[in-house]
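Let me begin by presenting the structure, written as structure tokens, before commenting on it.
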Amino acid sequence: MEIKLANPRGFCAGVDRAIDIVNRALDVFGAPIYVRHEVVHNKFVVERLKERGAIFVDELEAVPDDVIVIFSAHGVSQAVRQEADRRGLKVFDATCPLVTKVHMEVAKYSNDGCECVLIGHEGHPEVEGTMGQYDTANGGAIYLVEDESDVEQLEVRDPTRLSYVTQTTLSMDDTARVIDSLRAKFPHITGPRKDDICYATQNRQDAVKQLALECDLVLVVGSPNSSNSNRLRELAERCGTAAYLIDGPEDLDKSWFANCKNIGITAGASAPEVLVRDVIEGLKAIGASAPVELQGQEENISFSLPKELRV
């Protein structure tokens, strides 16, 4: 069995920054450091940070007074920010700058009283944070759609003043179809000048398509609650290749590889490379050869840390 590695794969700049913020805060201020929501959607990463003294909570009401709290890479609503300000909590914001870009778009539409459609997955923390940027006090409204059927049922107040934004970790192909449906139903709808789906999501989806065409089976390293990891698995399957989402080598099932000559491995944007290496070792133990790295899009993007943590 030959192993082929997608390129690029794994951590993106926003995830790197978010994890660095938690680690630097622990270095500078010591434990405990509170983090609202999992800083990134990966079990391994979260457990390592817990071991260092990070405490993950779902809501700010679980955070004591006079402590440091970090907002996750997925972003938070304005209501959460206001609560933190009201309580005087010291906040470090690990929101991905590309999510912040979407937040700013929504805030602009809100201030203009322009209705807004968000394409995204209901219940995902990024979606909750983005929806929470819209203030209906200016007379507008924000709507959430996930697929074309949602668009068919969508009714807005003024279709001549309507815009859309998207969650950053969606399937590019699915999102394009939803946007086409929106444009067909609401010809005056406008969108962002630059696509809201982030560069890392696009690059990893392009890479997994190539991987799926060259392999009998694709393994996506990532946690079940990772949106972008799930999209990679779905995309490989749509290419006609069997695909599995795994947290690590402990999830490997020998029966998957009975008739496989080429096994592809990729990783979601929140999955560390160490897990990929562990999976490779697990495959070698059942007869796989050394991995071959495929050609792919080079990434050299990085995001700066808050000033207090640049030590």
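Keep in mind that glycine also has a Cβ here, set from the backbone N, Cα and C atoms.
A quick note: this is a predicted structure, and the numbers were derived from the prediction, not measured.
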Given Swiss-Prot lists C12, C198 for [4Fe-4S] cluster, the same-site residue among C96, C116: C96
Matching residue for the dimethylallyl diphosphate site, where Swiss-Prot names H74, H124, S226, S227, N228, S270 - out of H41, H103: H41
For T168 ((2E)-4-hydroxy-3-methylbut-2-enyl diphosphate binding site), the number of other Cβ atoms found within 10 Å of its own Cβ: 28
Proximal but sequence-remote residues of the same chain as C12 ([4Fe-4S] cluster binding site) (Cβ under 8 Å, at least 6 apart): C198, Y199, A200, A269, E299, I301
Any further residue of that chain within 8 Å (Cβ to the Cβ centroid of C12, C96, C198) of the recorded [4Fe-4S] cluster site: A13, G14, V15, A73, P97, L98, V99, T168, T169, Y199, A200, T201, A269
Cβ-centroid neighbours of isopentenyl diphosphate site H41, H74, H124, S226, S227, N228, S270, 8 Å, sequence order: V40, E126, T169, N225, S229, G268, A269
H74 ((2E)-4-hydroxy-3-methylbut-2-enyl diphosphate binding site) to E126 (active site, proton donor) - Cα separation in whole Å: 5
